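**Student:** Straight from Swiss-Prot, here's the annotation block:
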{"type": "REGION", "residues": "21-51", "note": "region 'Disordered'"}
{"type": "MOD_RES", "residues": "59", "note": "phosphoserine"}
{"type": "REGION", "residues": "87-202", "note": "region 'Disordered'"}
{"type": "COMPBIAS", "residues": "109-121", "note": "compositional bias 'Basic and acidic residues'"}
{"type": "MOD_RES", "residues": "140", "note": "phosphothreonine"}
{"type": "COMPBIAS", "residues": "156-172", "note": "compositional bias 'Basic residues'"}
{"type": "DOMAIN", "residues": "216-337", "note": "domain 'SET'"}
């Protein structure tokens, strides 16, 4: 026993020295309080608090009362442990930020999808999963005697489901309305002639009348104070062809020679009509007596006919057309257009 006691002294001394060394390396309470438990250091190290135990080499039969005060203090002492790595607080904070940002993005995407669905559905269309509060009756406790009412209520709740098919029917109706009319009826072409076609037909008719020499719808009659004149026997519409002023088509040089010869005989009269065509002066000489009626139409400043040039294959023809609607029985008149002093002195009726 005495030998065992002697051997325990060096072991106790060694344990006390080890506890003192650990206590010297551990920070004091002031440092722990100032930094705070679990607070990260500035160099990126995390600090953890823990408890250190010094297992003694003493015999287990010895009680704690025989331990030195230094051993008891160090057995429950708290100290800080350094852990190399990134701060855990920063890692947790970044994870929370990513989670929050993901939730915000998902919520914004859901809101945009809902807006698009609302725009397609229209302002008056109900949501597909939304039940109308007016159609849904308030829930009341039902008893065994109210089973018929419960069945009727269930049928009433099923009615809105039938109403959901109405938009489909409307959509089908719209597609039917958008069909073309030509799908049901053939395309009809207008039988009315265009303005160009009418003008072409009228021109061909005038060509035939000029070339054939037909003069219809008029006759020769004696007019008081004028002599012979032409009377309409049918109605002429405005712009309609009446008659051609037919005669010899000559140039200005030949016309002057003939006019000098006609002036020698006062009973001959003047039946020469001058006009310009393609910047050149021509004359229609109708002095020679023929059965054509155009040369016998008298003069008037307020006539119902007017002259017009009509070419056939490059050859000009002088024709008379109705300047207004002409009734049957009216005398055909047109303005000669000669206002020279010599002509008025020779033919005073040119004033009227």
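A Cβ is built for glycine as well, from the same backbone N, Cα and C atoms used for every other residue.
These numbers come from a predicted model, not from an experiment.
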**Student:** So, by DSSP, how many helix, strand and coil residues make up the compositional bias 'Basic and acidic residues' (109-121)?
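**Tutor:** Output for the compositional bias 'Basic and acidic residues' (109-121) reads 13 helix, 0 strand, 0 coil.
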**Student:** So how many of the residues in the domain 'SET' (216-337) end up helix, strand or coil by DSSP?
**Tutor:** 15 helix, 53 strand, 54 coil
**Student:** Report the mean pLDDT of the predicted model across the domain 'SET' (216-337), rounded to a whole number.
**Tutor:** 92
